[in-house]
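Trainee: From TrEMBL, for reference:
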- 54-160: domain 'Phosphoribosyltransferase' (DOMAIN)
- Arg108, Lys112, His114, Glu138, Asp139, Leu140, Ile141, Ser142, Thr143, Gly144, Gly145, Ser146: 5-phospho-alpha-D-ribose 1-diphosphate binding site (BINDING)
- Ser142: orotate binding site (BINDING)
Amino acid sequence: MYKDEKKIAEVQKKYGPLLAKTAFELGALKLSPNEPFTWASGYRMPIYNDNRRFLALPEMRRTIAEAFAELLKAVDFAPEWLAGTATAGIPHSVSLGDLLKKSVSYVRSGGKDHGLKNQIEGLGANADYKGSYVLVVEDLISTGGSSIKAVEAVRNANGKVPFCFAIFSYGFAEAEKAFSELNPPCIPVTILNYDIMLDEAVKQNYISEENKKSLAEWRLDPFGWGEKHGFPKV
(Lines of atoms letter the chains of each structure in order from A and count residues from 1; the text may use other names and numbers.)
(Lines give C-alpha, C1' and ligand atoms only; values in the text may rest on other atoms or scores of the structure.)
Protein backbone atom coordinates (compact mmCIF):
# COMPACT_ATOMS: atom_id res chain seq x y z
CA MET A 1 0.00 0.00 0.00
CA TYR A 2 1.33 3.39 -0.96
CA LYS A 3 0.20 6.67 -2.48
CA ASP A 4 1.36 6.52 -6.10
CA GLU A 5 0.65 10.09 -7.20
CA LYS A 6 1.22 9.28 -10.87
CA LYS A 7 -1.22 6.36 -10.95
CA ILE A 8 -3.80 8.27 -8.94
CA ALA A 9 -3.50 11.20 -11.36
CA GLU A 10 -4.10 8.85 -14.31
CA VAL A 11 -7.37 7.65 -12.79
CA GLN A 12 -8.41 11.21 -11.96
CA LYS A 13 -7.64 12.34 -15.50
CA LYS A 14 -9.69 9.44 -16.89
CA TYR A 15 -12.80 9.92 -14.74
CA GLY A 16 -12.59 13.44 -13.29
CA PRO A 17 -13.69 15.48 -16.34
CA LEU A 18 -16.77 13.28 -16.86
CA LEU A 19 -17.75 13.57 -13.20
CA ALA A 20 -17.30 17.34 -13.27
CA LYS A 21 -19.29 17.77 -16.50
CA THR A 22 -22.12 15.58 -15.20
CA ALA A 23 -22.08 17.34 -11.83
CA PHE A 24 -22.54 20.71 -13.53
CA GLU A 25 -25.41 19.33 -15.61
CA LEU A 26 -27.13 17.79 -12.58
CA GLY A 27 -26.56 20.76 -10.30
CA ALA A 28 -24.40 18.59 -8.05
CA LEU A 29 -21.72 21.25 -8.42
CA LYS A 30 -22.61 24.92 -8.61
CA LEU A 31 -20.03 27.71 -8.94
CA SER A 32 -21.03 31.29 -8.24
CA PRO A 33 -18.17 33.58 -7.15
CA ASN A 34 -20.18 36.72 -7.94
CA GLU A 35 -23.23 35.64 -5.91
CA PRO A 36 -21.83 33.20 -3.35
CA PHE A 37 -23.84 30.67 -1.39
CA THR A 38 -24.36 30.88 2.36
CA TRP A 39 -23.11 27.70 4.02
CA ALA A 40 -24.59 26.39 7.26
CA SER A 41 -21.64 27.97 9.09
CA GLY A 42 -22.76 31.40 7.88
CA TYR A 43 -19.73 31.85 5.64
CA ARG A 44 -20.32 33.02 2.08
CA MET A 45 -18.75 30.50 -0.30
CA PRO A 46 -18.54 30.46 -4.13
CA ILE A 47 -19.22 26.74 -4.46
CA TYR A 48 -22.06 24.35 -3.65
CA ASN A 49 -21.71 20.58 -3.82
CA ASP A 50 -24.38 17.88 -3.48
CA ASN A 51 -23.10 14.57 -4.81
CA ARG A 52 -26.39 12.88 -3.93
CA ARG A 53 -27.58 14.10 -7.32
CA PHE A 54 -25.45 11.36 -8.91
CA LEU A 55 -27.78 8.74 -7.42
CA ALA A 56 -30.40 9.55 -10.06
CA LEU A 57 -28.17 8.14 -12.81
CA PRO A 58 -27.45 4.38 -12.71
CA GLU A 59 -24.61 4.80 -15.21
CA MET A 60 -22.91 7.36 -12.95
CA ARG A 61 -23.27 5.17 -9.87
CA ARG A 62 -21.52 2.46 -11.85
CA THR A 63 -18.86 4.87 -13.13
CA ILE A 64 -18.10 6.10 -9.62
CA ALA A 65 -17.74 2.51 -8.40
CA GLU A 66 -15.42 1.66 -11.30
CA ALA A 67 -13.31 4.75 -10.59
CA PHE A 68 -13.00 3.80 -6.92
CA ALA A 69 -11.98 0.28 -7.98
CA GLU A 70 -9.24 1.68 -10.22
CA LEU A 71 -8.03 3.94 -7.42
CA LEU A 72 -7.72 0.89 -5.17
CA LYS A 73 -5.44 -0.68 -7.78
CA ALA A 74 -3.49 2.57 -8.07
CA VAL A 75 -2.69 2.58 -4.35
CA ASP A 76 -2.28 -1.22 -4.19
CA PHE A 77 -4.93 -1.65 -1.51
CA ALA A 78 -7.29 -4.63 -1.25
CA PRO A 79 -9.65 -3.97 1.68
CA GLU A 80 -11.72 -6.74 3.19
CA TRP A 81 -14.44 -4.32 4.25
CA LEU A 82 -15.93 -1.09 2.96
CA ALA A 83 -17.37 1.47 5.37
CA GLY A 84 -19.64 4.13 3.89
CA THR A 85 -20.24 7.32 5.83
CA ALA A 86 -23.88 7.96 6.72
CA THR A 87 -25.68 8.91 4.71
CA ALA A 88 -24.04 10.18 1.54
CA GLY A 89 -21.23 7.62 1.40
CA ILE A 90 -23.48 4.60 1.87
CA PRO A 91 -24.82 4.12 -1.70
CA HIS A 92 -21.35 4.41 -3.23
CA SER A 93 -19.86 1.94 -0.76
CA VAL A 94 -22.66 -0.48 -1.68
CA SER A 95 -22.07 -0.03 -5.43
CA LEU A 96 -18.35 -0.61 -4.94
CA GLY A 97 -19.02 -3.57 -2.66
CA ASP A 98 -21.24 -5.15 -5.30
CA LEU A 99 -18.61 -4.57 -7.98
CA LEU A 100 -15.75 -6.02 -5.93
CA LYS A 101 -17.83 -8.51 -3.93
CA LYS A 102 -16.71 -7.01 -0.63
CA SER A 103 -18.43 -6.80 2.75
CA VAL A 104 -20.08 -3.43 3.41
CA SER A 105 -20.80 -1.54 6.61
CA TYR A 106 -21.71 2.06 7.34
CA VAL A 107 -20.66 4.60 9.95
CA ARG A 108 -22.89 7.12 11.68
CA SER A 109 -21.59 10.44 12.99
CA GLY A 110 -22.36 9.09 16.46
CA GLY A 111 -23.92 6.11 18.21
CA LYS A 112 -27.69 5.63 18.26
CA ASP A 113 -29.50 6.68 21.44
CA HIS A 114 -31.59 3.50 21.48
CA GLY A 115 -31.30 -0.26 20.89
CA LEU A 116 -27.69 -1.44 20.81
CA LYS A 117 -26.52 2.18 20.36
CA ASN A 118 -24.33 1.18 17.43
CA GLN A 119 -22.29 3.76 15.56
CA ILE A 120 -21.31 1.20 12.92
CA GLU A 121 -23.88 -1.03 11.23
CA GLY A 122 -23.26 -4.23 9.29
CA LEU A 123 -20.74 -5.83 11.65
CA GLY A 124 -23.13 -7.97 13.63
CA ALA A 125 -23.43 -8.22 17.40
CA ASN A 126 -19.73 -7.80 18.16
CA ALA A 127 -19.29 -4.57 16.13
CA ASP A 128 -15.69 -5.56 15.50
CA TYR A 129 -13.69 -5.62 12.24
CA LYS A 130 -11.24 -8.01 13.94
CA GLY A 131 -8.13 -6.46 12.44
CA SER A 132 -9.45 -6.39 8.86
CA TYR A 133 -8.40 -3.75 6.36
CA VAL A 134 -11.23 -1.27 5.75
CA LEU A 135 -11.78 1.44 3.15
CA VAL A 136 -13.83 4.41 4.33
CA VAL A 137 -15.99 5.73 1.48
CA GLU A 138 -17.15 9.38 1.50
CA ASP A 139 -18.92 11.52 -1.07
CA LEU A 140 -17.11 14.79 -0.24
CA ILE A 141 -14.06 15.81 1.76
CA SER A 142 -14.33 19.41 2.93
CA THR A 143 -12.32 20.25 6.04
CA GLY A 144 -12.04 16.52 6.75
CA GLY A 145 -13.75 16.60 10.13
CA SER A 146 -16.62 14.17 9.50
CA SER A 147 -14.43 11.83 7.43
CA ILE A 148 -11.83 11.66 10.18
CA LYS A 149 -14.50 10.86 12.77
CA ALA A 150 -15.57 7.93 10.57
CA VAL A 151 -11.97 6.72 10.26
CA GLU A 152 -11.54 6.92 14.03
CA ALA A 153 -14.80 5.04 14.62
CA VAL A 154 -13.68 2.20 12.32
CA ARG A 155 -10.30 2.07 14.03
CA ASN A 156 -12.00 1.95 17.42
CA ALA A 157 -13.82 -1.13 16.09
CA ASN A 158 -10.45 -2.76 15.29
CA GLY A 159 -10.40 -1.89 11.61
CA LYS A 160 -7.21 -0.86 9.81
CA VAL A 161 -7.85 2.24 7.68
CA PRO A 162 -4.92 3.47 5.58
CA PHE A 163 -7.14 5.26 3.03
CA CYS A 164 -10.34 7.30 2.81
CA PHE A 165 -11.83 7.60 -0.69
CA ALA A 166 -14.27 10.31 -1.80
CA ILE A 167 -15.89 11.44 -5.02
CA PHE A 168 -14.66 15.03 -4.66
CA SER A 169 -12.56 17.24 -2.41
CA TYR A 170 -12.14 20.99 -2.18
CA GLY A 171 -8.43 20.34 -1.68
CA PHE A 172 -8.11 22.32 1.55
CA ALA A 173 -4.64 22.15 3.11
CA GLU A 174 -6.45 21.91 6.46
CA ALA A 175 -7.98 18.56 5.45
CA GLU A 176 -4.68 17.10 4.23
CA LYS A 177 -3.04 18.16 7.51
CA ALA A 178 -5.83 16.64 9.62
CA PHE A 179 -5.57 13.27 7.85
CA SER A 180 -1.77 13.27 8.15
CA GLU A 181 -1.96 13.93 11.90
CA LEU A 182 -3.97 10.78 12.57
CA ASN A 183 -1.98 7.99 14.20
CA PRO A 184 -1.31 6.15 12.00
CA PRO A 185 -1.95 8.64 9.17
CA CYS A 186 -4.84 8.05 6.76
CA ILE A 187 -4.52 9.11 3.12
CA PRO A 188 -7.47 10.86 1.44
CA VAL A 189 -7.90 10.07 -2.27
CA THR A 190 -10.59 11.41 -4.61
CA ILE A 191 -11.85 10.69 -8.12
CA LEU A 192 -12.36 14.37 -8.93
CA ASN A 193 -9.93 16.94 -7.62
CA TYR A 194 -10.40 20.69 -7.44
CA ASP A 195 -8.01 21.57 -10.26
CA ILE A 196 -9.65 19.20 -12.75
CA MET A 197 -13.05 20.55 -11.71
CA LEU A 198 -11.99 24.14 -12.41
CA ASP A 199 -10.43 23.23 -15.76
CA GLU A 200 -13.60 21.42 -16.84
CA ALA A 201 -15.77 24.33 -15.70
CA VAL A 202 -13.85 26.67 -18.02
CA LYS A 203 -13.91 24.12 -20.84
CA GLN A 204 -17.70 23.83 -20.55
CA ASN A 205 -18.01 27.65 -20.50
CA TYR A 206 -19.59 27.35 -17.08
CA ILE A 207 -17.20 29.94 -15.63
CA SER A 208 -14.74 32.49 -17.02
CA GLU A 209 -10.97 32.52 -16.52
CA GLU A 210 -11.50 35.41 -14.10
CA ASN A 211 -13.98 33.30 -12.12
CA LYS A 212 -11.46 30.46 -12.12
CA LYS A 213 -8.83 32.70 -10.51
CA SER A 214 -11.29 33.74 -7.81
CA LEU A 215 -12.25 30.12 -7.12
CA ALA A 216 -8.58 29.11 -6.96
CA GLU A 217 -8.03 31.91 -4.44
CA TRP A 218 -10.97 30.67 -2.36
CA ARG A 219 -9.38 27.26 -1.90
CA LEU A 220 -6.30 28.88 -0.33
CA ASP A 221 -8.33 30.92 2.16
CA PRO A 222 -11.92 29.62 2.20
CA PHE A 223 -12.95 31.35 5.43
CA GLY A 224 -11.37 34.69 4.56
CA TRP A 225 -12.42 34.79 0.90
CA GLY A 226 -15.94 36.16 1.48
CA GLU A 227 -14.88 39.07 3.66
CA LYS A 228 -12.14 39.99 1.20
CA HIS A 229 -14.59 40.05 -1.70
CA GLY A 230 -17.35 41.97 0.06
CA PHE A 231 -19.39 38.99 1.27
CA PRO A 232 -19.10 38.98 5.09
CA LYS A 233 -20.23 36.08 7.24
CA VAL A 234 -23.96 36.12 7.91
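Using the three backbone atoms N, Cα and C, a Cβ is placed for every residue, glycine included.
Just so you know, TrEMBL annotations never went through curation; they're auto-generated.
Keep in mind it's a predicted model, so treat the numbers as computed, not measured.
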Trainee: To the nearest whole angstrom, what is the C-alpha distance linking the residue listed as 'orotate binding site' and Arg108 (5-phospho-alpha-D-ribose 1-diphosphate binding site)?
Mentor: 17
Trainee: Where does Ile141 (5-phospho-alpha-D-ribose 1-diphosphate binding site) sit in DSSP terms: helix, strand, or coil?
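Mentor: Where Ile141 (5-phospho-alpha-D-ribose 1-diphosphate binding site) sits, the three-state DSSP reduction gives strand.
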Trainee: Under a three-state reduction of DSSP output, how is Arg108 (5-phospho-alpha-D-ribose 1-diphosphate binding site) classified: helix, strand, or coil?
Mentor: coil
Trainee: Taking the Cβ of Thr143 (5-phospho-alpha-D-ribose 1-diphosphate binding site) as centre, how many other Cβ atoms lie within 10 Å?
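Mentor: 15, counting other Cβ atoms within 10 Å of Thr143 (5-phospho-alpha-D-ribose 1-diphosphate binding site).
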Trainee: Average the per-residue pLDDT over the domain 'Phosphoribosyltransferase' (54-160) and send me the rounded value.
Mentor: 93
